[in-house]
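According to Swiss-Prot, the protein has these features:
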{"type": "ACT_SITE", "residues": "His191", "note": "active site, tele-phosphohistidine intermediate"}
{"type": "BINDING", "residues": "Arg298, Arg334, Asn456, Asp457, Arg467", "note": "phosphoenolpyruvate binding site"}
{"type": "BINDING", "residues": "Glu433, Asp457", "note": "Mg(2+) binding site"}
{"type": "ACT_SITE", "residues": "Cys504", "note": "active site, proton donor"}
Amino acid sequence: MSKLIKGIAASDGVAIAKAYLLVEPDLTFDKNEKVTDVEGEVAKFNSAIEASKVELTKIRNNAEVQLGADKAAIFDAHLLVLDDPELIQPIQDKIKNENANAATALTDVTTQFVTIFESMDNEYMKERAADIRDVSKRVLSHILGVELPNPSMIDESVVIVGNDLTPSDTAQLNKEFVQGFATNIGGRTSHSAIMSRSLEIPAIVGTKSITQEVKQGDMIIVDGLNGDVIVNPTEDELIAYQDKRECYFADKKELQKLRDADTVTVDGVHAELAANIGTPNDLPGVIENGAQGIGLYRTEFLYMGRDQMPTEEEQFEAYKEVLEAMDGKRVVVRTLDIGGDKELSYLNLPEEMNPFLGYRAIRLCLAQQDIFRPQLRALLRASVYGKLNIMFPMVATINEFREAKAILLEEKENLKNEGHDISDDIELGIMVEIPATAALADVFAKEVDFFSIGTNDLIQYTLAADRMSERVSYLYQPYNPSILRLVKQVIEASHKEGKWTGMCGEMAGDETAIPLLLGLGLDEFSMSATSILKARRQINGLSKNEMTELANRAVDCATQEEVIELVNNYVK
C-alpha cells in the first residue's frame, strides 16, 4: 500500500526513482582525550583546515558552473569562515594551552560561536551560525578521517531523501542520476530549494518526517508541482505519474518554441522579459531562454571569492563580455551591493547588529570612493560595446542619487580627457527597495531615467519581516495590498515623467504576481533565466485590459489571501 507525504513544492517537475537516504556520518570522538604532542595536534588541525579549503573551493567552482555565481556565493562565505582568525586562533590556543585534542578544540570553540550568533535577534547573524556549523562539520570530518556524504558519487537514478541538504550537498548533485530530492525541513527560500530550481531538479522540502517514513531503496515519487511524495506507489499511481512526467517534459519542449517569440498580450500590449545574472558564466542560460535583455547584473560577484579588489581592467573585461554577448539588448548593471548578507574579507567592514539597515550598497560606495570610482570607470569604458544602463542600489534619498550621479559624470569627463570613447546613451536609474524611496517616487522620477523595483528587500522592509526567518515567514507577503500599492505608485510616477519601471525581485517571475504586475503597468520583468519562457507563455495568454481591472481591484483588497483568491478567480 502506498503512503502520501505532504511537503512544500520547492522546484517543479516529477521524479520517479528509488530512495537514496543521506546517512549522517559517525563523527563521534573522545572529548576528554588529552594530547602530548601539542605541535603535532595543531598541525593536524591546520591540515584539516587546508583540506577543507581545497574541498570547498572545488565545490564552489562546480556550483558556479552549474548554478551561477550568485548561488555559488554561499561557499565564499564558508571559505571566509576558514580564514577568520577570530575563530581559528582560539582553537589553536585551546590545543596549546589545554592539551585538548583537535576535535574537542574545534567543537568547543565553534559551539560557543554558534550559541552566541543564534542568540542574537538578527537573522543575518543566525545565518552566520549555520555557516560556522557546516564548516565545522567539514573540518571535523578531516580531523577524524571520516568521509562526508558525497552526492556526486551517486551513479544510479535516485531520489535523495534527507533531513536537509546543505548547500554543498546540493551543489554536488549530478543531474544525470539525481532525479529529485525530498527533505524534512526547509522552505521555498532555503538554499537547497533555490539551488534545486537552478538545477531544474524536482524538489519537496518541509515534509517534517520523510526520513522516518522512507527506507533505503523504497520506490518514491516526488511531485514538485503539488508538494506530494508518494512512497511505494501502486501500479496505477506509477502509471499516472509517469504520464504526468511525460506531460511535464512535453510542456517544457513546447515552451522552447517561444524562445524567439515576442512577449505580447492578446490585446497587443508588449512586455519585456529580462534575466538576472551574477557573472558572464550565466550568459548561455540567458540566451538559451530567449531573454530580451538583462534586467539585473549583480556585480558584487566580481568582488567575492578573492583576497583583493578586482582591478578596473578586470571589471572592464567582464562588463564588455556581457554587453557584447547581449548584442545591443539592454543590460542593466547594479553597482556594488556589498554589506547586509554579503561581506568581503579584504574590506574589513565593521560588524553591525542590523547589517541589512546599515553600512551597505550605495552608502558604502559613496563613503569609500576608492571602491566606487574604479567600477564606474570600468562601466563607462565598456558602454561603447552595447546598450548599458547603470543603477544604484539601496538609494534612500534623492541626495544619494545626486551624489552618485555627480561622481559618475566626473569620471566620465576624466575618461574623455584620457582619450576613452564613452557612450552618450547610458541611462541612470535606482533600485526601489526602501519604502521611503517608493513614497517619494514622484520626486525621484523627475531625475532618474528608470526604476527597478527590488521586491525581495522592499517586502521585508515594508512588512518588517525578515524573509530568512521561519518564525515570521507568514508576514513575508508578496501579494499584500500594501506592496501592490507601493508598486503601483512607483510605476505611475515613472510613467508620468515618461520613464520606465522594471522589477528584478523573485516576484517578477511569480505566476500569481505576473497578472497583477502586468495590470499595474510594469514595463520590464527581470527573473531567473529558467523562468522566462513560462512567463512569456503566461503573458501571451493574458489581456492587458482585464489585468488592469484585476490590479485595480487587488489594491483595494485588505489581505494577501483576498488578493490570491481574486487572481485565481480571474486567471483560470
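In case you wondered, yes, glycine gets a Cβ from its N, Cα and C as well.
Keep in mind that what you see is a predicted model, and the values were worked out from it rather than measured.
What Swiss-Prot annotates, mapped onto the structure for a quick look.
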residue	record	Cβ contacts under 8 Å, 6 or more apart
Arg334	phosphoenolpyruvate binding site	Leu296, Tyr297, Arg298, Thr299, Met391, Phe392, Pro393, Met431, Ser452
Glu433	Mg(2+) binding site	Pro393, Met394, Ile453, Gly454, Asn456, Asp457, Leu458, Tyr461
Cys504	active site, proton donor	Asn276, Gly295, Leu296, Val332, Met431, Ser452, Ile453, Gly454, Ser526, Met527
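Of all Cβ atoms in the protein chains displayed, 21 besides its own lie within 10 Å of the Cβ of Asp457 (phosphoenolpyruvate binding site).
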